[in-house]
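Features reported for this protein in TrEMBL:
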ACT_SITE  84  active site, proton donor
BINDING   85, 177, 207  Zn(2+) 1 binding site
BINDING   105, 135  Zn(2+) 2 binding site
BINDING   178, 208, 209, 210, 229, 230, 231, 232  dihydroxyacetone phosphate binding site
Ligand code: G3H
Ligand code: ZN
């Protein structure tokens, strides 16, 4: 059964670890993450961007696929199905379609408009027992057409949005979607500490998890990050595994062209990567 993010994130804050959010794109992706979470006995968050939902069909298709897999694979660990970087209308649609959690990314609006829209969506989410993640201070880089400037969030704005009844807060602290440039300065831990002081026990979300060193991830978790988002790294792992299968000529041997065989190395690669991340974030055996 799907659950919202409330208990898993509150437990993570208390326990000093983080829950992994892994974006999904299709059945293989979803199955790999669900199986890794089960083997690690860890809660996990399945992230779905608006673009990925459209690719798979619709929010309803995604909800049907995820619920079907949870039932058929007898998944018992807590799983949240979470809209990633939702627009105002996309957030409403995901809530109505059966997602258990949503992110409203109002970082492109002025802070005043972000606050108003976030508050409206929190009310709707609460009525449906759905958790809501808000964003302040845009995350840099590009993800599925969402382009952020990479600004550092103001601790005061974080405090304002944290009082609206949200469950988690994504705050820009120098993190970037996609691969980090060679001259990246790293996460701004002073900004993170200032934000944490203002928002107290509100779980913080670290977006752009791909390419941040293990040491920086661990330090961010110590300073209050309770959810880490990873997307690009799974895509790269899937692409590399698929590439070597084809480059080895495995698709030309027997029925190696069968999609169930062709996509298997990519499935295995994601499962392996998600397992490593769960252990790094410390959420193993926390289900
Ligand atoms: O919202 C999703 C994430 O922030 C993923 O970032 O693609 O850099 O891992 P990433
Ligand atoms: Zn993100």
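In case you wondered, yes, glycine gets a Cβ from its N, Cα and C as well.
Comparing CA positions across the binding-site residues 105, 178, 232, the one lying closest to residue 85 (Zn(2+) 1 binding site) turns out to be 105. Other than 178, 208, 209, 210, 229, 230, 231, 232, the residues of this chain whose Cβ falls within 8 Å of the Cβ centroid of the dihydroxyacetone phosphate site are, in sequence order, 23, 143, 177, 207, 211, 233. Checking the binding-site residues (105, 229, 230, 231, 232) against residue 207 (Zn(2+) 1 binding site) with a 10 Å Cα-Cα cut-off leaves 229, 230, 231. Residue 230 (dihydroxyacetone phosphate binding site) and residue 105 (Zn(2+) 2 binding site) have their C-alpha atoms 17 Å apart, to the nearest angstrom. The shortest Cα-Cα distance between residue 229 (dihydroxyacetone phosphate binding site) and any of the recorded positions 84, 105, 135 is the one to 84. Spatially, by CA atoms, the recorded positions 84, 178, 209, 232 include one closest to residue 105 (Zn(2+) 2 binding site), and that is 84.
Mapped onto three states, the DSSP output places residue 105 (Zn(2+) 2 binding site) in coil. In space, 84 is the closest of the recorded positions 84, 177, 178, 209, 232 to residue 135 (Zn(2+) 2 binding site), judged by Cα positions.
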